[in-house]
Each structure stands twice: as C-alpha cells, then as structure tokens.
Amino acid sequence: MPYEILTPKEMAQADSLAMKRGPFDGYGLMCNAGAAIAALILERFPGLARVDVLCGPGNNGGDGYVVARLLAQAGVDVSVWAEGTPRAGGDAARAASDCPIVPRPLAEFSPVPGSVIVDALYGAGLSKPLSSMAARAARLVAGQGVPVVAVDLPSGVSGESGQPLGDAFAAALTVTFARKKPGHLLQPGRRLCGDVVVANIGITDAVIAEIGACAFENAPELWLEDFPISHVDTYKYRRGHVGVFSGEPSTTGAARLAAMAAARSGAGAVTVLSPTRSLAVNGAHLTSIMLRKADTLDEVLAFLDARKPKTLVFGPGLGPEPEVGNFLLDLLEAIGRAPESMVIDADGITSTALQAETFFRALERQGAPQTIITPHEGEFHRMFKSIGEDSNLSKLEKARRAAAVANAVIVYKGPDTVIASPDGRAAINENGTPLLATAGSGDVLSGICAGLLAQGMAAFEAACAAVWMHAAAATHFGPGLIAEDLPEALRPVLRDIFARRGA
Ligand SMILES: NC(=O)C1=CN([C@@H]2O[C@H](COP(=O)(O)OP(=O)(O)OC[C@H]3O[C@@H](n4cnc5c(N)ncnc54)[C@H](OP(=O)(O)O)[C@@H]3O)[C@@H](O)[C@H]2O)[C@@H](O)CC1
Ligand SMILES: [K+]
C-alpha cells in the first residue's frame, strides 16, 4: 500500500529494519537520500551556481554532507554551515568526513541572493525548538526570500504534528524518504514544506508493510475498490434511500444542499424530513427529492418503518438548541433496524455536545447505526473538549482518539481534513482546497457521505471518498464556487472514478 503515512518513530523503525534486511546499511541509505536530493536540486534549479548547505549534528545533517559533496562534484559552488558535530563513529560523521568542504559555523552564515539553501539541520529527530543560531538562520533566509530545499522536513517543523516548535524554515521543496510523515500533510507543516517529493532510498514496500502503519494519505487508491458502482439490475431503493432532516423555514437550505449531494453521489432516493412550518419553502425548491412531514419522533419512526431508508443525515440547519440533541438521543434510543447508518453534522454536533457521553454510549449499543460525525474545528472542541485541548496531540491523533471514544468515524474538517475510524485507521486528505471555505460546503459533504453510505460503502471508506470527491469537485469547478455548485460539480469527478473502475 504505497499511501501509508509513517510517524517519525515508525520511520526510524523502517530505517532500522531496512538496514537489517539490506542491501543498504545506514550509510548506504544516507548516500541514497543525499543523491536523490542532489539530483532533484540540479533538475529544479538549472544553471545553479551556488548552494549553501546547513548541516545539523544528526543524520539529517548527514544527508546534507552527502548533498554538499555531490553538488560540489557537479561543479556547483558549495558552502557548508554546521551546527554541532556528528557523533563520532556514526553515519553522519562518516558523511561529514567524506565531504571535502570544510564546514563553517552556522553563526557566521548569512544568505546571499542567487543561492539555494539546503536545510539539513533537523529532520525526524527534532526534539526541541530550534537553537537561537538555527532560528536566526531561518529568519535571515525568509527575509532574503532565497529558495530553500528541506531535507526530510523544514527544520523546526514537527514531523509528527506539522506544528512548528518555534521558529521554522519555510521550504520551496521538501524531499522526504520512503513515505510521507503526518507533518507533510497537516497544517501548517504542509504549507511550510512547499512541494513534497518522496524519494525511494532503498526501503522496500515489504519493510514498510512490516511496520504496520495504519495512517494513510487519502487518495482514490485507498477506497476505489469499495466505491459503489451500480449493477445493471439495480433499482432506486437498492441504490439506497437517504433521509435528511430539515430545519425551520429560515434555515432549510442546508438540508436541501445535503439532500441534493446525496442524490448526486448515487443514492437512489432521497427524502427531506421537514417540520410542517418548512414544508412550503422546501416544497418550492425540491423536484426529484421527496418531501415528508416529520414534526415528531413518532412521525420519523413511521417514516423509518414504512420506507426503510438506509441512511439519515441529522444536523445541517437544525439549530444548536439542546432540544435538537435530545431529539437525536431519543431517535437513537427508539430506532430498530433502519437506518443502517447516519451522518451527524453541524447543529447535530453542537446540540448534542453537552450530552456527548450519552450520545457515544448510544452509538456503542448493539445494532446502532454506523455513524460518521463531521466536525469542523469549533465543533470538534465542543464535542471532544479534553482531546481538542490537548496540545501534545496532533490533529491526526486527536481525530483517532475522538473516533475511539465516540464509536464513530470522525471527519475532522479543515484545510487538512483527517478521517479516523474507531478501529485505529486514519487518513489525511491530500486534495483540500481553500475554495471549500464557503457557506454550505459542509452540508454538501454530509450529503456525499450519506449518498455513499446508503449504497453500502463502509463508513471509513465512504468518509474518505466523500472528503476527496468534495475537494475534487470544488477544484474542478474553480473560482467563484458556491455550495450550490458542488453537487453538479460532482459529475466529472464521478465520471473519472467510474472510468478508473472500468465502469
Ligand atoms: N540511517 C538513517 O536512519 C537514515 C536517516 N535519514 C535522515 O536522518 C534524519 C533523522 O536523523 P536523526 O534521528 O539523527 O535526527 P535529526 O533530525 O538529524 O536530529 C537529531 C540530532 O539533533 C539534535 N537535536 C534535535 N533537535 C534539536 C534542536 N532543536 N536543537 C539542537 N539540537 C537538536 C538531537 O539531539 P537530542 O535530541 O539527542 O538532544 C540529535 O543529536 C532524517 O530526518 C533523515 O534526514 C536518512 O539519511 C535515511 C537514513
Ligand atoms: K531539515
């Protein structure tokens, strides 16, 4: 599975295992890493005249000494600036002694226009904020605007969380090894990395598989095989029926956006469950989507009994009041075999947050619907307060813990949306776009999740696919996007997915 994401600790395990399995020892891997970076620098900066390589005391610095040696051999004017000295006898010490350039102290470094900076100060082993010397170098480089190529990670950025531990370098290009780390995908790390290239340095897929990572980059390869493609003998209810709860007359649009997105994503039938007061406004805007009066729990249960929808969407536009949360808890208590799955979003999260424990227990119950909860940052903090406040946890880890306590798949939204399953699997989305920062776009995401769930896709895969399709649709539409455009913009995305499946 080439989309695993390795934590720095897992990467260190992969390094050691690769050395054990061969054919490369530690120094061999380091030379491969340095060679990959040097080749990329020569490719990306044709006509390059000068490079300043900043080397730290660990193996990240070791990679830097290899880059310096190879670029000097290629005729580039190379200077090396070192912070600390590599541990005697280690791979980095050997790389330093094989490098013909005498390092100068980092304290004396100042960038010159026209140079390219290779940041090989700290990578996976960053254990504290940058020293004042390294922080000064980061600020000087940023001030001069000279391009930075980061080895493994921009120094100062945590590979675990993507958070800077203080000052940090901002790279134009980051070259990492074997697999990405969470810090390459989680913000602000993703922004500070610039382009990320994953170089193969001789660590095999078999070695990575042995590490047993359970975090992935969210790309179609992760869920394509599970994507629902209709059979020739299908009919609308086999394709899955989605029920979407509507709010009061002034906030009905959110439910209709979710309903339309569920239909576009392939649900065979969609019904908006509407309070009497909102029937007229909903009716005026719905055509293929069905409409049903649902003021009370009994009316909702009658709908579930009669129409057996596979999936319900609860939250968009319902209002944050505790009564809304009470209604959800009563519903969860009362439902039988339908629905098989639920999506809880927006006001469904806020209104239930004060009774989160009761909600989570209800989802744990035998026969409870498999559930996707889709909080943005504010909603996450409301529902998972202590996890949200724990500054030692990365967004990836927060989403994972939330999924475990909630017994639900969590879609922790943002520019770096994380999808996490209670079974420990997690994915960080790779195609996010700022175009999605527009009112109603979250309602559409809920609808896509529901449309896929209703067609029988499992919750984790459905959530991953929905997040990716949502962003792909936005990118396809381009600037000027509003939420109403998204369901229609799913068409080319779906066409592409179907084509990839040969359907
Ligand atoms: N053979 C391999 O394994 C391969 C590894 N590879 C490369 O190795 C990199 C990981 O190497 P690494 O584990 O040595 O970590 P690295 O980032 O160099 O830093 C560790 C040193 O820095 C120190 N230190 C940390 N933070 C500091 C700070 N803020 N200010 C000052 N000091 C600080 C830390 O000290 P300590 O924490 O012990 O106090 C320790 O001495 C990885 O990113 C990749 O580039 C590739 O070549 C492929 C083969
Ligand atoms: K670095």
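Backbone N, Cα and C define each Cβ position, glycine as well.
Curation does not apply to TrEMBL; its annotations are automatic.
The structure displayed is predicted, hence computed values, not measured ones.
Annotation comment: TrEMBL describes 59-63, 123-129, Asp152, Ala254, Gly317, His376, Asp443 as (6S)-NADPHX binding site. According to TrEMBL, the feature K(+) binding site maps to Asn60, Asp119, Ser155. Residues or ranges marked as AMP binding site by TrEMBL: Lys413, Gly414, Pro415, Asp416, Thr417, Gly442. Residues annotated as domain 'YjeF N-terminal' in TrEMBL: 11-209. Look at TrEMBL and you will find 219-497 tagged as domain 'YjeF C-terminal'.
Counting every protein chain shown, the Cβ of Gly442 (AMP binding site) has 25 other Cβ atoms within 10 Å. Proximity of Lys413 (AMP binding site) to non-local residues of its own chain (separation of 6 or more, Cβ distance below 8 Å) is seen for Thr374, Pro375, His376, Glu377, Gly442, Leu445, given in sequence order. Under the three-state DSSP scheme, Asn59 ((6S)-NADPHX binding site) falls in the helix class.
Here Asp119 (K(+) binding site) comes close to Leu54, Val148, Val149, Ala150, Val151, Pro154, Ser155, Phe169, Ala171: these same-chain residues lie at least six apart in sequence, with C-beta atoms under 8 angstroms from its C-beta. In this structure, Ser127 is the one among the binding-site residues Asn59, Asn60, Ser127, Ser155, Thr417 with the smallest number of other Cβ atoms inside 10 Å of its Cβ. Residues within less than 8 Å, Cβ to Cβ, of Gly414 (AMP binding site) and separated from it by at least 6 positions along the same chain comprise Gln187, His376, Glu377, Lys395, Gly432. Report note: the K(+) site is defined by Asn60, Asp119, Ser155, and the residues of the same chain whose CB lies within 8 Å of the CB centroid of those residues, excluding them, are Leu54, Gly56, Gly61, Gly64, Ala120, Leu121, Tyr122, Gly123, Ala150, Val151, Asp152, Leu153, Pro154, Phe169. A 10 Å cutoff on Cβ-Cβ distances gives Asp152 ((6S)-NADPHX binding site) a total of 30 other Cβ atoms nearby, all chains included. The shortest Cα-Cα distance between Asn59 ((6S)-NADPHX binding site) and any of the binding-site residues Pro415, Asp416, Thr417 is the one to Asp416. Ranking the binding-site residues Asn60, Ser127, Asp152 by Cα distance from Asp416 (AMP binding site) puts Asp152 first.
There are 16 other Cβ atoms within 10 Å of the Cβ belonging to His376 ((6S)-NADPHX binding site).
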